[in-house]
Amino acid sequence: MAAAFRKAVKSRQREYRERSQPGFRKHLGLLEKKKDYKLRADDYRKKQEYLKALRKKALEKNPDEFYYKMTRVKLQDGVHIIKETKEEVTPEQLKLMRTQDVKYIEMKRVAEAKKIERLKSELHLLDFQGKQQNRHVFFFDTKKEVEQFDVAAHLQTAPELVDRVFNRPRIETLQKEKVKGVTNQTGLKRIAKERQKQYNCLTQRIEREKKLFVIAQKIQTRKDLMDKTQKVKVKKETVNSPAIYKFQSRRKR
């Protein structure tokens with residue numbers, strides 16, 4: 001009965017309406033309600049309490065107080081930042097680690113050198129840029145013989161094969177024997193492409209072997225610098241070479 005009565009009373013109540021901002025105050029925005037004021041007041045009170053606590057802490061601070069965390073924290077732009085701690089390594093451990101690095105790099109360099117030698121033997125590399133080119137010298141008695149000299153006729157081979165330093169058959173050999181291997185244009189292009197790919201791989205391996213050699217030298221130089229012997233820098237370090245130092249000579253017992 002009471003519940004039905006409350007419902008009947010509520011149905012006859014006037015609808016609650018919030019007062020809106022008057023027209024002459026429209027430029028000030030929406031009219032602040034009680035809930036908006038409460039949020040603003042709570043935020044203001046919270047900030048004031050925080051400032052009050054900071055003032056109290058500053059008044060009660062002991063100028064001689066010390067915490068061990070102070071040795072690991074620095075103030076940067078008003079913010080406390082923990083300093084990065086470096087790993088402590090003894091000189092003996094560091095020297096051993098660098099020795100291991102040198103051994104590993106030297107092992108990789110030797111492996112690259114073996115692969116280079118294998119590729120060179122497979123490609124019959126006689127005129128590669130990384131190796132000094134061979135020279136064939138002809139001797140003559142007169143200047144007229146030099147002017148009339150024909151390399152293809154002297155070597156008894158075709159003019160197209162003169163620039164070769166390997167696989168250069170004579171004309172009589174070409175006339176007697178049949179051409180062995182692939183003769184169609186497609187097959188020749190495929191073989192030339194594969195050969196060029198192997199040459200590119202060889203070039204990359206030679207460059208990698210050189211870089212590993214330079215890295216090993218630089219690591220060895222840094223390892224030698226850990227010695228306490230007096231030293232003088234003779235040449236600065238570059239991309240392709242390590243720094244050169246002159247060490248004080250010591251008499252060995």
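In case you wondered, yes, glycine gets a Cβ from its N, Cα and C as well.
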Listed range which Swiss-Prot flags as region 'Disordered', given the options 1-21, 64-84, 106-126: 1-21
Spatial separation of Lys83 (SUMO2 cross-link) from Lys120 (SUMO2 cross-link) - C-alpha basis, Å: 54
Helix, strand and coil totals (DSSP H, G, I; E, B; other) for the region 'Disordered' (1-21): 10 helix, 0 strand, 11 coil
